[in-house]
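Asker: Quick one: the structure is below, questions incoming.
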Amino acid sequence: MTIAQLKAFIPEEARAKGTMAAILGGILLSFDPIFVRLSGVGGYETAFLFGLFSALSMGTLIQATDARGLVGTVRESGWPAVVSGLIMLGSASMFVLSIKHTSVANTMMILSGRPVLTAAAAWLILRERTSGKLWLAIGGVVCGMAVVVSGSLRSGNVHGDGLALAGVICLALNGVMWRHFRAMSRMLVVGFGGLFLAVIMFFLTDVTAIPARTWLVMACMGLLSAPAGRVLNAVSSRYIPAAEMATYALISPVLAPIWVFLLFREQPPAATLAGGGLILAAIAAYIAATARRP
């Protein structure tokens with residue numbers, strides 16, 4: 001699927017274009033856990049294929065759409081893109097491994113805390129000004145995560161929840177990198193993250209033992225839905241405010257557990273529903289409060 005084909009589905013009006021891109025991007029990214037579930041192999045093998053196909057798709061997109069070309073983009077983005085890619089190695093690997101060790105709902109609800117934790121990390125690292133609204137939201141997110149994890153303590157899935165927590169920390173750190181180095185190519189970072197992930201996981205897997213079906217499933221994710229979702233999110237950021245974009249980003253953690261329930265009959269635990277609801281409410285309230293500021 002090309003960029004031109006993706007844009008053909010988006011209306012011409014600027015705000016409508018950004019809104020439609022954000023919604024479609026969120027829907028596509030909500031399919032990621034389904035592909036991980038359908039892979040039928042271990043976490044390392046799944047992560048290897050995800051990284052490999054992500055690196056290939058992002059490199060191809062950059063070469064095809066960026067006037068600087070792949071080499072020029074790497075040269076201009078410099079070391080920050082490499083560091084950001086290493087952080088993305090952490091978030092991507094934790095995402096895949098978490099889904100292999102806990103429910104999709106647990107993983108997605110914990111990862112949904114990214115916007116608030118990114119703001120907190122920006123305050124801690126970049127010394128950005130913050131407000132009482134942020135600290136209230138952080139408190140709500142932390143409490144929600146505690147409720148989610150408490151359910152896993154009883155079910156034995158705490159390892160997967162821990163991986164998701166590590167993943168959302170990596171996402172927050174990358175959010176700070178993207179705020180500070182605004183000229184850095186986002187697609188290049190995703191490509192670097194995929195490349196690093198594929199290289200590391202290559203030495204932890206027997207590539208020859210991966211079934212052809214798994215290659216096909218992960219190719220659909222790494223070459224189609226995942227890059228298309230990320231490109232659409234990047235497009236939306238040009239046309240709508242950051243707060244509005246963050247609101248639409250909540251589509252993924254809401255839809256993903258629904259898809260998994262419909263396909264695999266994986267029912268979220270009560271603690272996950274309660275904690276996830278608290279996390280989403282805290283984030284939505286924070287976004288609404290900050291969006292009203294002049």
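Cβ from N, Cα, C; glycine included.
Values in this document were obtained by computation on a predicted structure and should not be read as measured data.
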Asker: Which residue range, 6-25, 46-65, is the one TrEMBL calls transmembrane segment?
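Answerer: Checking TrEMBL against the ranges 6-25, 46-65, the transmembrane segment one is 46-65.
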Asker: Could you tell me what the rest of the chain brings near the transmembrane segment (188-209), counting residues at least six beyond its ends with Cβ under 8 Å?
Answerer: 42, 44-45, 47-48, 50-56, 58-59, 62, 73-74, 77, 81-82, 84-89, 91-93, 174, 178, 222, 227, 230
Asker: Would you report the average pLDDT that the model assigns to the domain 'EamA' (160-284)?
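Answerer: The predicted confidence over the domain 'EamA' (160-284), as a mean pLDDT, is 86.
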Asker: How do the residues of the domain 'EamA' (17-149) split into helix, strand and coil according to DSSP?
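Answerer: Across the domain 'EamA' (17-149), the residues distribute as 114 helix, 0 strand, 19 coil.
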